[in-house]
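Chemist: Below is a structure I'd like to ask you about.
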Amino acid sequence: QFFVFCHGLLQLSQLLVSGYLKSSISTIERRYGLSSQTSGLLASFNEVGNTLLIVFISYFGSRVHRPRFIGCGAILVSLAGFLMSLPHFITGPYEYDQSIASMFSNTTDLCQPGVPGSRGNLSDAGCTPHAARENHEVLLVMFIAQALLGIGGVPIQPFGISYIDDFASERNSPLYLGILFSVTVIGPGVAFMLGSAMLRFYVDIDKIAGDDVQLTSKDPRWVGAWWLGFLVAASLVAVSAVPYFFFPREMPKEVGERDFPVVLLRNLRHPVFLLVVLAQVNLSAMVAGLATFMGKFLERQFSLTASLANMIIGAVNIPGAMVGIVVGGAILKRFQMSLRQCSAMCVLGMFLCLLLAFPLLFLGCPTQKVAGVTYSESSEFEHYALECNLQCNCPEKAYNPICGSNNIEYISPCSAGCRVVNINADNNSVLNYTNCSCISENGLAGFAKPGTCGTGCSHLFLPFVVLSCLAGILASISHTPSFMLILRSIQPEDKSFAVGIQFMLLRVLAWMPGPVLYGSAIDTTCILWEKKCDRKAACRYYDNNLFRQRYLGLQFFFEVGAF
């Protein structure tokens, strides 16, 4: 029981490292100008190191000192966590476009008719060879850290599961495994809560004084302290690793020598094993995309801050899935179900999940009106709309969204033709912009507030969260019964190995391609890219309807596959 406790703690902190990346992914995209495809690849890259080793490690599982192996893996994971935060310390402070001349830059993004057109693109300052190299270094460090994270994670699950299953009684084994699996689900939940807490702090909290920060967390340019969580998580893993070096090897009676290829084929030809694993592949692919980009989806669809989106996922969606897993395990233990009943339970859970997930496709709103991006004035104003900021000589790449009094969003104060900025003297923040030639109200120049207009979708937010949470509960009821189908339908001496093959197939077919697939689908719905040094960087605006249909459509597709 102490081993189960330690293993739960270690799995929790290991998942804190890998889950925390997913909670801060939209922030890292913004900070380093990554597309969702790139960030999806980054999020799934830890599976690469993992996959290469997992089958061999599981095969040798019954021949080595398992606890000690787990301890060494945990130390690697901890190292990876510290590496993930390194880019923050090797790059300069975060720069963004501003309306107030500050210590960073004296160019502002207001309409300045007197200034000639060579006002320089604000973001182009970062186009020196040094800056480009810096960006490559950041990606390189993060990809190496992710690979290490995968390699370190290899022994943790298969060895832990087989160690427990070897020494627990047949009746308690499902209970212990159920506890571990529920921890595997709490892990990401805690990670999202950690993300929610950390992203409230400004990214350069260690580099500049608090008074110099002119952004609030509601601002679309806000970048939170994504690196802090990695330091916390990595320290936790290091602590959890210690007890493993003191557990006994204590192997049960040896089973006769086995041949690697024979066992592999024997399991792969087993129809129950194969079908259950394929269903789990579909579910895992869905979860991989959900976990990686759900925060980003909520931010865009319902205009939430990154911190609040993480809060919802960590406090509602993930605990929901946990409830499902525990309920599934409890029903199994209570009714001592046969294998056929187990599979019936899985099918029923998935069917109900489909019914609840379908309406989600329709809960959402179109993108807010953004002048020149999603919206151009009606034909009589069209001539005027083009003229209104011509004399401003706007830097084309400026990004500092403001919301006009006409409820149309402008990419920057300059593109709205605003000439005056009013500042709150107390904390140096922008109150509003006035004298804006593109925002006309009753023939007068209008004004604008800083920040985005939002999608006006807040009334649909609650039904969306409730439905997605219920669908998650139903889908995860099938989790424990599907595992039991595998563990009880194969030969007992193949157990450790079969779990290894299963995890490998899940990784190769779901966890690796999943986030990349979702990220690429999300990228296709982008309507305005940030440009950095003439390459596409992060996406500024998505077509929200397409984003929702492709993102949730993909999710629905995998749920049907699992069913």
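Cβ from N, Cα, C; glycine included.
In case it helps, TrEMBL gives these features for our protein:
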type: DOMAIN; residues: 1-563; note: domain 'Major facilitator superfamily (MFS) profile'
type: DOMAIN; residues: 382-437; note: domain 'Kazal-like'
type: TRANSMEM; residues: 41-62; note: transmembrane segment
type: TRANSMEM; residues: 69-90; note: transmembrane segment
type: TRANSMEM; residues: 138-163; note: transmembrane segment
type: TRANSMEM; residues: 175-203; note: transmembrane segment
type: TRANSMEM; residues: 223-247; note: transmembrane segment
type: TRANSMEM; residues: 268-291; note: transmembrane segment
type: TRANSMEM; residues: 311-332; note: transmembrane segment
type: TRANSMEM; residues: 344-364; note: transmembrane segment
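Tell me about the surroundings of these features in the structure.
Modeler: Non-local neighbours of the transmembrane segment (138-163) in the same chain are 3, 7, 10-11, 14, 17-18, 21, 32, 34, 38, 42-43, 45-51, 53-54, 57-58, 61-62, 66-67, 69-70, 72-81, 83-84, 86-87, 90-91, 177, 180, 495-496, 499-500, 503; each lies 6+ residues outside the stretch with a CB under 8 Å from one of its CB atoms.
Nonlocal intrachain contacts for the transmembrane segment (175-203), taken as residues 6+ away from its ends with a CB within less than 8 angstroms of a stretch CB, comprise 4, 7-8, 11-16, 18-20, 22-24, 27, 31, 88, 94, 160-161, 164-165, 168, 210, 213, 215, 217, 222-229, 232-233, 291, 295, 305-308, 310-311, 313-315, 318-319, 321-322, 325-326, 329-330, 333, 476, 479-480, 483.
For the transmembrane segment (223-247), the list of distant contacts is 3, 6, 9-10, 12-14, 16-17, 20, 23-24, 27-28, 30-31, 67-68, 70-71, 74-75, 77-82, 84-85, 87-89, 94, 191, 194-195, 197-203, 205, 217, 306-307: same-chain residues at least six beyond its ends, Cβ to Cβ under 8 Å.
If one looks beyond the transmembrane segment (268-291) by at least 6 residues along the same chain, the residues whose Cβ comes under 8 Å of a Cβ in the stretch are 19, 22, 44, 188, 339, 346, 475, 478, 482, 485-486, 489-490, 498, 501-502, 505-506, 509-511, 513-515, 517-518, 551, 554-555, 558-559, 561-562.
Same-chain residues lying 6 or more positions outside the transmembrane segment (344-364) and placing a CB less than 8 Å from one of its CB atoms are 279, 301, 324, 328, 331, 337, 457, 460, 463-464, 467-468, 470-472, 474-478, 481-482, 485, 544-545, 548-549, 552-553, 555-556, 559-560, 562-563.
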Chemist: Excluding the flanking five residues on each side, which residues at least 6 beyond the ends of the transmembrane segment (311-332) place their CB within less than 8 Å of a CB in that stretch?
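Modeler: Same-chain residues near the transmembrane segment (311-332) but 6 or more away: 23, 174-175, 177-178, 181-182, 185-186, 188-193, 195-196, 294-295, 298, 304, 342, 345, 349, 465, 468-470, 472-481, 484.
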Chemist: Average the pLDDT scores across the domain 'Major facilitator superfamily (MFS) profile' (1-563) and report the rounded value.
Modeler: 82
